[in-house]
Amino acid sequence: MTRNMPLTATHWGVYRAKVQNGRVTGLQDFEQDTDPSQIGHGIVDALNAPSRITAPMVRESWLSGGPGTRTDRRGHEAFVQVSWDEVTRLVADELARVRDTHGSQAIYAGSYGWASAGRFHHAPSQLKRFLTCAGGFTRSLYTYSFAAAEAMIPHVLGSYREFMNTTTGWRSVAQDGELVVAFGGIPVKNGQIDSGGVGVHIQTDGMSAAREAGVRFVNISPLASDMPGTMDAEWLAARPNTDVAIMLGLAHTLYCESLHDPDFMDRYCTGFDRFLPYLIGETDRVPKDADWAAGISGLPAEQIRALARRMAKHRTMISVSWSLTRADHGEQPFWMGITLAAMLGQIGLPGGGVTFGYSASNSIGGDYRQMPGASVPQGQNPVNRYIPVARITDMLENPGKRFDFNGQRLRYPDIRLIWWAGGNPYHHHQDLNRLNRAWAKPDTVIVNDWCWTATARRADIVLPCSTHLERDDLMMSLRDPYVVAMKQATLPPGEAMNDHQIFRRIAARMGFEADFTSGMSEAEWLRWLYDKTRQTPAAQDLDLPDWQTLQDQGWFRTAPPKDATVMMQPFRDDPDTHALATPSGRIEVFCKTVADFGYADCPGHPTWIEPREWLGNVTTWPLHLMSNQPSKKLHSQLDQGAISRGGKIDGREPVLLNPTDAAARGIGAGDLVRLFNDRGACLGVAQVSDTIRPGVVQMSTGAWWDPDETGMCRHGNPNVLTRDQGTSKLGQGPTAHSCLIEIEKFTGTPPPARPFEPPEIRQRVSDQSSA
Ligand SMILES: Nc1nc2c(c(=O)[nH]1)N[C@H]1C(S)=C(S)[C@@H](COP(=O)(O)OP(=O)(O)OC[C@H]3O[C@@H](n4cnc5c(=O)[nH]c(N)nc54)[C@H](O)[C@@H]3O)O[C@H]1N2
Ligand SMILES: Nc1nc2c(c(=O)[nH]1)N[C@H]1C(S)=C(S)[C@@H](COP(=O)(O)OP(=O)(O)OC[C@H]3O[C@@H](n4cnc5c(=O)[nH]c(N)nc54)[C@H](O)[C@@H]3O)O[C@H]1N2
Ligand SMILES: [Mo]
C-alpha cells in the first residue's frame, strides 16, 4: 500500500501523499525516517485554503495606468484576475521595456529564498535561467544564513563551504570526543530541515550517541532550549553578541596558563604573533582576560577560566552557531572560534577542533558522502552587477551610491523592475517598514508564489505556481544521502502552473523558448539532471541506480563513508601537500589581505568590537531581541498551515521573556504584549520562563507580516524591529540578532490579526479567461 503512495520531498523531510478523489488528504512520514518532522504536514490544509493563489493577478492601478502607477498603493489595493494570455503579454512587454530603455542591470532578480526542494523545480534557478536568456539581471551574492562567514572565512581558511560541508560528524565526536562547547547551542529545532531535502533526521540520534559515549556538552546561549534537555548540558547564559569576548577570555587563560599548543600555531597557522599583543593587551592596554570577558558577557570570570582549563584537558569540539554571523560584526565569531580551536591544537583530530553550527541544519553533524547533484544550468548572465544579499533596501534607496564590500568599491544600480520567485523578502529582510518604503521605488514588481505572502500582496503582477505535491521532481541534495524520485500527487488548483511552465510561456512570447528549454520537456530535464549526476566522476563510487530503477524503487540511499569525516584532517596530516587556499597556505589568525582593506569594522585579526545594539549599551531600549528560527515551520513557509498555527496563541506569535522582566512590566503569561523600538512595533502573546536570560526576549521569525495603518504588525513578525545594517564593510551580511527593544502590556481593544486572508480580488466581466 505504502509503496503506491506518491513520494514527495521537502526541505523538512520526505513524505508519502494520501490521495483521495484527486486531492491530497494527508501525508505519511517516510518509513525510513526514525525522527520525522511534523512541519511537512502543515501543507495539507494550505493547499486549497483561501490563502492559495489560483490565477494570475495584476494590481488594479498598475493594470489601468501601466508601470510605475501608484506604487505607494502596493499592498493596499485590489488585484484584478487576468488570463494567462494577458499576463504573459504584460510581463513580456514590461520586461522588454525595462531592458530596452534602462538596460538589464535595472532588473533585480537576486530572488533570494529557500523556495522548495527538488532539483528541477527550484524557482530561483528557473527565474535566473529565464532572465539570462532575456538579457540578464542584477543578482545578489551570498545568503542570509551566514553572509559574513561566506565573505570572511575564505580569507582565514581558503574556503568556507568546503569546511562547513566536511564538518566533523557526530560519529567522530562519539568515538573520540569528550567535550562539546557550543556557542549558540545546538538547536535541534533547526536540524529538522536541510536545504534541498532531508531523507532521514539524524541530529537527535547523533547527539544522543555522543552523550551516551560520555561526551559532555556546554550550552553558551541566552536560551536554555538551544540544547536538548537530554544532553544534561551546562548552561552558560551569556549576554547575546558577546561570544567573541568570551572566546578571547578563554584564549587569554589558555595562553597565560601555558595551556595552548604553540607547535600547532607554528606549523599550521600564520600571524599568531600579530594577534597575541592584542590578546594580552599590549596594543590597547586592555588584556582580554577572563575578568574583562566577564564584564562584557555577564558570565563569572571563574567560570570562563574553569572552562578554558577543561577545554585544554579534553578532546574538545567548539561549535559556533550560524546565528552568531547574523549579528553586528558577524565576521568575528567564526574567526575567533577557529583561532581558539587552533590554540587548543585539536583542529583536524577526530572529535575535536571547530564546527560551523551543529544542527543548524540536519546535515551539519551527519555522516554522508557529498552528492555532486547537477542543477539546471543558468548560463552566463550578461550583466555583471550584484549586491551583497542583505543590502536590498540600501540599493533601492540609493541608486548610484558607492559602497564597500570585501575589498571592493561597488555601485548600486538603479532598479526599475524586481522579480522574485521562491523567496519572501517581507519575511527575511530586516526593518520591514524601511523596506516597505523603498519597495515603492521600482516601476514594477513581479512575484511567483503559490500563496498570498506579504511579498505577493505587495507585487504588481502575481504569477501563481505549484507546490512540490503538484509536480514530478528529483530530490538530490549535496549533503543528504537520499535520492528521491518525487511524484506528482495532485493537480495545481485553478490556473496555477509550475514555475518552469510560467517562464516557458513568457519565453515563447519573447522569442527564446528553445533557448530556455534547450528543447527538452520537463520529463527529459529530470532524466538529464539525474544522468548528468551519475556520470560525474565524483559520483562514481556512490553506486547510484539507473534512472528506471530509481523510478521503480522511489528512493535510494548512498552508503556512508567508511571512516568518519574529520574536518581538515588532510591538512593536519600534511599541511604542505594539503595547504589551505589562503595566501600563506595556513590558517590566517592574522590576515594581511583583510588588514590591507583598512576597515575599522573588520581589522586584520579577530577582535571584539562592541555591537551598536546590545545589553552593554542600553540607552532607550533595554531588552535584547532574539528573533531565531521557528520550530514549527521553515521561515515563513506553511505559516498558514495547521502545524504552525497550532504553535500560535489566539492567532498570534508567542514571545518568551524572563520572569524578572515580565514582573517589572506587569506582564503575565498569556498577556497580549506590544514589542517596539524606533523602527517599528508588533504584537505577541507573552510566555514567561526562566529558561531565558534576564534582559533577553525571544520571538521566532516566520509570522506573515500583517501591519495596521501605523505599520504595527498585529501577527508578530519580529523583522519590524530588527536593524537593517551590514555586519561590516567586509561581509555586509544581515544583523538581525543585534536588536534592542522594549515591551509593554497591550491595553485597549486587541486588533484582529488576519495575515492569511487573501487581498481583495476583482473579476473582470469582459475577461476571456483562457487556461
Ligand atoms: N529576524 C530575522 N530574520 C531572518 C533570520 C533571522 O534569524 N532573524 N534568518 C534569515 C535566514 S537565515 C534566511 S535563510 C531567510 C529565509 O528567508 P526566505 O528563504 O525568503 O523565506 P521562506 O519563507 O523560506 O521563503 C520562500 C518562499 O518561496 C515560496 N515557494 C515555495 N515553493 C515555491 C515554488 O515552487 N515556487 C515559487 N515561485 N515559490 C515557492 C514560499 O511560499 C515562500 O514565500 O530569512 C532570514 N531572516
Ligand atoms: N525549524 C526550522 N529549522 C531551520 C530554519 C527554520 O526556519 N525552521 N531555518 C534554517 C536556516 S535557513 C538556517 S540559516 C539555520 C539557522 O540556524 P541558526 O543560525 O542556528 O538559527 P537561530 O535559530 O537563529 O539561532 C540559534 C540560536 O542561537 C542563539 N543566539 C542568537 N544570537 C546569539 C548570540 O549572540 N550568542 C549566542 N551564544 N547565542 C545566540 C539563539 O538563542 C538561537 O536560538 O536554521 C535552519 N533550520
Ligand atoms: Mo538561512
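Just so you know, glycine gets a Cβ as well, placed from its N, Cα and C.
TrEMBL labels come from automatic prediction, so no person has curated them.
Marked as domain 'Molybdopterin oxidoreductase N-terminal' by TrEMBL: 8-46. Feature annotation from TrEMBL assigns domain 'Molybdopterin oxidoreductase' to 52-508. For 623-739, the entry in TrEMBL reads domain 'Molybdopterin dinucleotide-binding'. What TrEMBL lists as region 'Disordered' is 747-771.
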Key: Confidence summary for the domain 'Molybdopterin dinucleotide-binding' (623-739), mean pLDDT rounded   = 98
Inquiry  = DSSP on the domain 'Molybdopterin oxidoreductase N-terminal' (8-46): how many residues come out helix, how many strand, how many coil?
reply    = 8 helix, 18 strand, 13 coil
Residues of the domain 'Molybdopterin dinucleotide-binding' (623-739) by DSSP state, where helix covers H, G and I = 13 helix, 33 strand, 71 coil
